[in-house]
Each structure stands twice: as C-alpha cells, then as structure tokens.
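Worksheet: one structure, shown below.
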C-alpha cells in the first residue's frame, strides 16, 4: 500500500465520492466538484486521482449497471472504504486542531 | 428536424486509438454524459471544446496500458527477446569460446575490410581525371630478332600526322617529354623539381583544376604552370602569377598558372610543373632536329579521343602509321597502338606486343587471400558452434517439444550468428581504424576509412549479413534438425556427436583451414627467397658509398675538369665519373651496329651508354678481358667497352681489338673494343643484363657518379662536395641519391608483396590455431570421463597426449599434402615471370610443413596435457 499522504485535489475527489454515496462514477464526480467548488475540472484529472486513491486503498470500485443516458454504457462506481473514511476524518481533525491553535490575536 | 449534437469525431477517434480496450467503455460513457450535461449548461460549442480537453487529459499511461491477460500470448517480439537473452547468456557463460569466435571473426573481417579498401583504392586510380575513359597514350610495337617489345617512345611527326589524317577521331593529340628532374631558379635560389614539357592542350585534356590562371597558360612559349605545392615552396603565400623563373639555367619562363596537385597514386602525380613543348624544342637542339624525323622515337604522345570514337577502332586505324612511312626500317614491323588510361595502372605489362597483366594480378591475389582469411574465420565459427551443439541439444529438444518449428530454430541460430558477427564487425572496424596507418605504410597508400560514405556502410551491412549467413548456415541447419524425442531421452549423447556424420565435415573444414594457411606460408617463404636471390645476385660494380647526381647546367664542359679535380683534391671523393644514363637504368638503346662476321639477319639493339674516362673506375666495374679507358691513349676516345652479354650476343670469342661500326642517320663511327666487363645490373635485377656498349661520350654526361672516400664519414664528405659544387657550379642544386638506395628501390614492389603476404599468412595461421585451440579444448572436455578411466587403468600422460593430439596431426598432415600441390603449381607459375629466379627447393615445403605441425602440436598439447593432468578422482566423481 502506498503512503497515505493526501493531496489537495485527491482530498476534494475523495470528498465528492463520499457525497455521491453509492452513485459516484467519473462524470458524477466531475459534476459534483464543479457544482461544489465552481471550478471546471478535467475528466482525466479526476480519473487519474480516482486511480491513485484506489491504489492507496482509500476507495474501491465495481462495475455498475447500464444506464440509458450513457447510450447503454456501463459505469465504474466508486465508494469510500473504511480506511478512506478514517483518513478523511484524520485530515479534518488535523485541520480543526490547527484551527484551534490559532491565537485569537492573529485575526485582529 | 435537427439531429442531436455530437461530440467532435476526431476526439472520439483519438480516444479509441490510445485508450486500453477494457477502460474504453466506461470512459466514453463518462465523456458522453458530461457532454450531454454541458450542452444544457454551457452550450454545444463549449461542450465540444470541453470534450476535446477531457480526451486530451485522459492521455496518460494508466489509461493506455493494456490489461494483462491471464494466459500470455507471446508475440514475435517476445520470442526475439528470448533468443537475444539466451544468446547473450551463452556468450557470457563460455567466455573463452566467445573470445575465440568473436576475436577470430573480427581479425578475419578486418583483413577482408582492409583488402577491400585496398582493392577499391587500386581500382579508382586515375578516375579523378574527367576524361579518364577517353585518354590514351600511344605505344609502339617493334620486333627485333623475333621478339616484340612495346615502348612509349614515338617520333614527333607522328603527332602532326594523327591530327592531319585522323583529326575527327581525336579531341587532343599532345606531345610530351618524359617526366624528369629539372632545376628551377628563382632569384638566387635553386630548386630541383620533376616536371614535363608538353603541348598547350594538356591542361584541358587532363582537366587540371586551376587555382590561379587558366588552362590556356601554355600557349606562349615562355610560360610555365606550377603545381600548388611547388608554388607554395617557391613563393610561399605570395601570388606566383607573372613571376619570372629560370628553368635548367637556360630557359626564362613566366608563371601563368597554378594547378591543384594531382593526387598521389595517380598517373602524373610526379608532374610538379608543366612547361610548353615549344620552349623545350627551341632550347634543345637535338629535339628541334627531330621534328621531322620519323626514326627518332624518343617522345611521348598522349591523345584524347573524340566522343564518338572508340579505342579499338582508332587503334586499328592508326596501327600501320609507322610501318607505312618510308623512313622507318620495315624490318622492325612497327605498329602503333593506343594504351587507354583505364589500363595504365593495373595492366602495365606487355608481352609480345599485347597489353596484359600487371598489378591486376595482385588485386586478384589479395582479393582471393581476403576471401580465404574470412572463410577461415567463418570455418572456426561453424566448427565451434557444431562442436558446442551438444550443450544446446537439450535446449533444442525442449524448444521443439513446446512447439518451436524447425524454421523458428533456424531463425534463432541464424540470429545468434548474426549477433556474434555484428559484435565482431564492430571490433573489426576498430581494428581497421588502428591498422590503416600501418597498412598504408606497408602498401604505400593514402587510404582512409570512409566513415562518411553511405556506400561503405551499406557494403559493411551487406558484408556482415553475408558473413553471418555463411558462418551461421551450418550450425543453424544442423542444430534445428535434432529429433526432440531422441535428444530429450538422451539417446543423442556425447559419443554420437563424435560420430562420422558431424565429425567428417568438421574435419574437412579443419583441413581446408590448414591448407590455406600452409599455402600462404609456403608462398611467403618463396617470395622472400626470390627477393633475397635477386639481392644476392652479383651486380658487377660496387654500390657502397656511391652517390649519383643529375646535372642540368649549361656550359658544364668548361667546368668539368675543375670540378673533378677539386672534388678529388678535397679528399671527399675518390673518383668522379660521368654517364648519359644513371647507374640504375639504361636510358638509351640503339641499333645500327656492325662487326666482322655478323650474321646479316641478326637485329641489334644495344644499350648505349656514353661515359667519361673515369666512369668505370668510379663505379668499380670488373674486367673479364682487356682494360679500362685511359686518358693517356688518345685512341681510346674511339674505344668501347662491352659487357659480357653483348659479347655473347655477338658470338665472338676474342673480341678485344676487333672493330665495331655504328651507323646512324647522319653519322658513322668505327669503334675498337678495348675491354669486356662483367655484366652490371642496371635495369631489373630479375632479368639478364641487356647487351650494352660503353663509349666515351661526345658531350659530358648528365649524371655524375662519385665514389665517396670510405675513410671519411659520409656526412662530412657530402658537406664538402656540396661546398665544392656551390663554388664552381652555383646553378646546380646538390640533389644527390645514394646508388644503393636507388638499387633497393627495384625491390620495393616485391618486398611489399612479401610483407603483405607474410602478414596475411600470419593472420591466417593465427585464426586457424584459434579454431584448433577451441576444438581441442572441446574434445578434451568431451572425453573427460574417458581420460579419467584410462588414467585409472594405467595410461600415462604421454599416452593421453598422443591420444588427443593424433587426430589433429593427421588432419594437418593431409592439409600439408594438399597445400604442397597447390603451392608448387601456383608458385612455379609465378616464378616464371622472372628470368632470374630462385628454385622451389624441397626444404621450403619441409619447413612450412614442420612449422605448421609444430604450431598445431603446441596449440593442441596445451589442452591435451591440461586434460591429461586432471586427477581422475575429480573427473570420475562428477555427476
């Protein structure tokens, strides 16, 4: 298993997969990110990030059923693993911990 | 109704091309879905753009990588990679064997490449002349006492006749005087340069590259064209045009042009300057007198044919030009013929009026040697590969069992041999690169490896392929024919590899190798013997400390006595003699001699050498009858000295005191014979001396021959001579040559062949021994068990050595037998070229045979004794 360091974009993708719980595939993740963050992303970047996340064991994938809007093409559905969930929480906790450490005077 | 908008077709096609098939469905689905979404959100146009961007962003290795299959389906590449891997493993595992194979092949190829370069160089001589195929020199056949000889000397009026009567056949007809040394004086510096006097059309005919001036530079009599190197020597970087020079201290000339040096090795490469023919004729009375004389055949004529004329036609037309002339002696049966430039270099020999042979024989000889040396190296490869094949038998069996077809195995083994050959070729190129300077020195060439020539690489590639196919053919076909069941069951065992089916061809190959090697050794020995034989021939004079000097000085006769006296008085020289020909060449031959009792049908052609009284004393000739010239007897000025050949030709016993008359066009002299000398070797040391007559010249000879005082060092003497000459003959450059060096020049071409032949013979035997060494080590390895058992049962080391060496000795003996026959036949023929030749003694063959046997035994014994010394416990315990 590769190192658990999570890049910024990887974190975003992982969160998007978590949001689209059970229906997270390439195009859906792209749409989710574009909606949430208001920035356009490339499909290649998303797939590449998904691939890396899977190699790290943060997500798993399986081939889903056929849907009509895709011209009868199958999609690969991603879901966050237990380990992926733990990593996300760790990241959040780390952020919070750092937020808490900011002295109040810093903002004034 | 409008059709639904579609994504860009180009992007779709691109995706389908690069994307791995197992990911395509899913990615296309994603792209499509996004495209449909975006049509709604941002419009068709931008959706299409985004589609393209997404496709491009998908161009990553992870989407291109094809899915590994559970059951691999090897492609050609995989098998080739496997072949390569096995080949390298085999090479590395058997280092000695690989070294022998690659090293031997590399040496063989290097020799073949060198010889190829040499042949290419020989064949391209003179091709730098633009009119190469249309230039010819006129030659003349004449028959004296039934023997036809061919010379380049022709009468002057012939040139005009050619222009007048056959003008339409020629573009140029040019007269020339032989390339010879002349003095060029610039201010007070004197240079000695070789050059020609020729008619004005020559620069055009020879397509000289003019660096300065034009090709018309010889039109004025007082002009001269210089080669670039002479211009550089005379003027440095200054402009030589319109400078004034003095030629031979009598002719004043103006530099009208500078031409690029004619590349070394080509005809006319020694022509360092060209001066007008008219100038030479005007300043040389006897040449001027010869301008309408059909009997004075002293001049060269070069022609360039008109485009529509062919050599054969023109040669036939002009054949009888001399014979039909009333002035020419009809008994000589003179014929005129063309000698095309294309043949000058390689076909320089004339036999009975026909142009045949010459260097072309060496081109063939070396070509054949090159092919043979390469063949030897290929034979090594074949022998070692088949011998080693027992080790590969299991591999072949397994490959066949899991589905290799014979043709695939053939490809594998050919590939392996091509790999080895390619490695050898690289090594060979390196060897050639190192050896070229040395080879140039030995062969007197200016060759370079043409690394930039595509032809060289194409030929090299073809050559590698050819060698690989020859060397690999036998192992490839042999190994691929193994029966897999037999091999894997072990019924093909080591002993069967010694069976006759494979060993016989191997033995034949060894015999071929040693036949070639021994033939080359015998050839080398005979060439050296022949050179030595000719060198040891009595030359009739003493050449030690003899120097020769060419004089081109006007009014020398006023100084000749002073010069001689001063030179002797200085103590540097013992004697000074003059002669019309240099001591190492007879320049003039004449007929018209008569004597009492001469057979009227006998045609005379004596070498005629005008000398001074002291010439004989200076060179140290030896009298068999009579005495030398003496100044004290006035009658000696009409005395002559003959050589023994001349006396034998005349068929007289007591010739001293007899009268000989010499009748020419406008003179008639009565000579009396005062002495007979032993033959002096003046021309080829391989031929009998020409019948010659020595008389006191009317004019001083052009060549001074001086005997250095042996009690003083040559350097000191030369310095003294230089000073004396400078004082009395300031116009004469002191360009001396040592007569013994000049004489040694006569052996150069034979020595060159000898050196090259010995080099090739050495390499041939080296390659053969490498192969033998490999074979012997293989045989010893195969018979390890047998040797162990024999040792246990009481065989001595000597017995085992004999056991292992016997086979090879038999093979070499057979090869020796064959080589003797081939060598005897070819060398006997070669020696027929020389009148004065060594005999083919039996001991030469014996030495070659014993030598080959000793080398064989040494090679084989190393392995045999190594095998015989192994402790049987070790060899029997294995397995």
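Heads up, the Cβ atoms here are built off N, Cα and C, so glycines get one too.
Curation plays no part in TrEMBL annotations; they are all automatic predictions.
The domain 'MacB-like periplasmic core' annotation in TrEMBL covers B:98-320 (among others). Averaged over the domain 'MacB-like periplasmic core' (B:98-320), the predicted model has a pLDDT of 89.
Residues or ranges marked as domain 'ABC3 transporter permease C-terminal' in TrEMBL: B:368-483 (among others).
The domain 'MacB-like periplasmic core' feature in TrEMBL is assigned to B:516-680 (among others).
Summarising the annotation, TrEMBL assigns domain 'ABC3 transporter permease C-terminal' to B:759-868 (among others). Residues of the domain 'ABC3 transporter permease C-terminal' (B:759-868) grouped by DSSP class, helix first, strand second and coil last, total 95 helix, 0 strand, 15 coil.
TrEMBL lists B:99-120 (among others) with the feature transmembrane segment.
Packing against the transmembrane segment (B:362-384) from elsewhere in the chain are residues 97, 100-101, 104-105, 107-109, 111-112, 114-116, 118-119, 122-123, 346, 417, 420, 467, 470-475, 506, 509-510, 512-513, 516-517, 520, 753, 756-757, 760, 763-764, 767-768, 770-771, 774-775, 778: each is 6 or more residues past its ends and has a CB under 8 Å from a CB in it. Residues annotated as transmembrane segment in TrEMBL: B:362-384 (among others).
The list of residues near the transmembrane segment (B:409-435) in space but at least 6 beyond its ends in sequence, with Cβ under 8 angstroms from a Cβ of it, reads 80, 83-84, 86-87, 90-91, 98, 101-103, 105-110, 113-114, 117, 381, 385, 396, 399-400, 449, 460, 463-465, 467-469, 471-473, 475-477, 479-480. The annotation transmembrane segment is assigned in TrEMBL to B:409-435 (among others).
Summarising the annotation, TrEMBL assigns transmembrane segment to B:455-479 (among others).
Here TrEMBL flags B:508-528 (among others) as transmembrane segment.
The feature transmembrane segment is assigned by TrEMBL to B:756-780 (among others).
Residues annotated as transmembrane segment in TrEMBL: B:808-827 (among others).
What TrEMBL lists as transmembrane segment is B:842-865 (among others).
If you look at the transmembrane segment (B:808-827) against the transmembrane segment (B:99-120), you find fewer than three C-beta pairs under 8 angstroms, all six or more positions apart, and that falls short of contact. Proximity of distant same-chain residues to the transmembrane segment (B:842-865), defined by a Cβ-Cβ separation under 8 Å and at least 6 residues beyond the stretch ends, is recorded for 514, 517-518, 521-522, 525-526, 529, 765, 769, 772-773, 776-777, 779-780, 797, 800-801, 803-805, 808-809, 812-813, 815-816, 819-820, 823-824. The helix, strand and coil residue counts that DSSP assigns across the domain 'ABC3 transporter permease C-terminal' (B:368-483) are 98 helix, 0 strand, 18 coil.
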